[in-house]
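Noted in TrEMBL for the protein shown:
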{"type": "ACT_SITE", "residues": "K14", "note": "active site"}
{"type": "DOMAIN", "residues": "70-147", "note": "domain 'GHMP kinase N-terminal'"}
{"type": "BINDING", "residues": "P97, M98, G99, G100, G101, L102, G103, G104, G105, S106, S107", "note": "ATP binding site"}
{"type": "ACT_SITE", "residues": "D139", "note": "active site"}
{"type": "DOMAIN", "residues": "208-264", "note": "domain 'GHMP kinase C-terminal'"}
Amino acid sequence: MQAQTFHTFPAPAKLNLTLLITGKRSDGYHLLDTDFRFIDLCDSIDIAVRDDGVIELLNPMPDVPADSDLTVRAARLLQHATGSPLGATLRVHKRIPMGGGLGGGSSDAATVLLALNRLWGCGLSREALMQLGVQLGADVPVFIFGKNARATGIGEQLTELALADAWYVVCKPPVHVATGPVFQEFSQRLLTGRASFSIMRSLSGATQKQNDLQPVVAEIYPAVKQVLNRLSEYGSPLMTGSGACVFLELANEDQANKVFHSLSGEMTVYVAKGLKAHPVSDGE
Ligand SMILES: C[C@](O)(CO)[C@H](O)COP(=O)(O)OP(=O)(O)OC[C@H]1O[C@@H](n2ccc(N)nc2=O)[C@H](O)[C@@H]1O
Ligand SMILES: Nc1ncnc2c1ncn2[C@@H]1O[C@H](COP(=O)(O)OP(=O)(O)OP(=O)(O)O)[C@@H](O)[C@H]1O
């Protein structure tokens, strides 16, 4: 086989700067009102086009078989939707912790859709890619949308959000949180009055940040609560997505570095800059 030419594409993590749950759809998915921000903590994906139609992942992760990996699923979905006869060899460099609420798998999938749409010459619009992406996960569309955004629906109705420069300290408690069970527990709590939909807060446009999944996760996973407590010594931390990661927004890089250095001996911690936009543009 001919030597393959690889192109490298970044896949940034996201933070949910606020996350309100406003309702539930008939299929069980929850309706959200959430502000997404991309940060410069990124995976990267090497992609080479091949002409035999095969989708191959060179370095599957130990606990995710290649066929289940969101990068492979994204490539196959695009192939199926467009009828492209081309294939791809993929290599994923993970930096974004998994099960952290940072959307790493979703971002990897979005980057593959954006990159292969271009490399295969499919010519799908951004909207069409977003519609494909949501089939892989509720967090995929925002990464294709490509801008920091307020999201409603299950995360697929997006409006651009202008955000000031900011730096973030992101801590990863030593637990892996699965998204589905956290939403299920939230729903259970609705029945017993221990949780409620944040409809009024959403409608009123209240600016105070909160994450409606945080009380659920902090109770089930004491490690998350501990990290929230520790970070609150420096400001007002919040959990991102369905956890487990917890972040603190700082006004400048110096402050972020100071907090980072005081925590780095104790836990897994990252310092990241908020991005203005997704680093992959689809050429539009
Ligand atoms: C919590 C967030 O990270 C916020 O950005 C996302 O809403 C989660 O998005 P995601 O990880 O892409 O989630 P998916 O893979 O689509 O969904 C996993 C499971 O979480 C539940 N789920 C997810 C998203 C949502 N809006 N409501 C839900 O109830 C569903 O049971 C679903 O089967
Ligand atoms: N390329 C991939 N990278 C990471 N996880 C993947 C990938 N492909 C499949 N997965 C599966 O998806 C799960 C969720 O991964 P991800 O890193 O997106 O979690 P998360 O940050 O909690 O997501 P979210 O914020 O969207 O809930 C992983 O535990 C893994 O089993």
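Positions of Cβ are set from backbone N, Cα and C atoms, glycine also.
Just so you know, TrEMBL annotations are computer predictions that nobody has curated.
Broken down by DSSP into helix, strand and coil, the domain 'GHMP kinase C-terminal' (208-264) contains 28 helix, 8 strand, 21 coil.
Contact annotation for recorded positions (K14, P97, G99, G105, S107, D139) versus ligand 1: D139, each with CB under 6 Å from a ligand atom. Within the same chain, the residues at least 6 positions away from G99 (ATP binding site) whose Cβ sits under 8 Å from its Cβ are H176, V177, A178, A244, listed in sequence order. With a cut-off of under 6 Å between the Cβ and any atom of ligand 2, the recorded positions K14, P97, G99, S107 reduce to G99.
Neighbour count (other Cβ atoms within 10 Å of the Cβ, all protein chains): 29 for D139 (active site). Note: the domain 'GHMP kinase N-terminal' (70-147) comprises 43 helix, 8 strand, 27 coil (DSSP; helix = H, G, I, strand = E, B). The residues near the ATP site, meaning same-chain residues not in P97, M98, G99, G100, G101, L102, G103, G104, G105, S106, S107 whose C-beta sits within 8 angstroms of the mean position of the site's C-beta atoms, are A13, I96, G241, in sequence order. The Cβ of P97 (ATP binding site) lies under 8 Å from the Cβ of G104, K172, C245, T268, each on the same chain and at least six residues away in sequence. Listed in sequence order, A13, K14, I96, D139, F143, G241 are the same-chain residues at least 6 apart in sequence whose CB falls under 8 Å from the CB of G103 (ATP binding site).
In the structure as shown, the Cβ atom of G101 (ATP binding site) sits within 10 Å of 30 other Cβ atoms.
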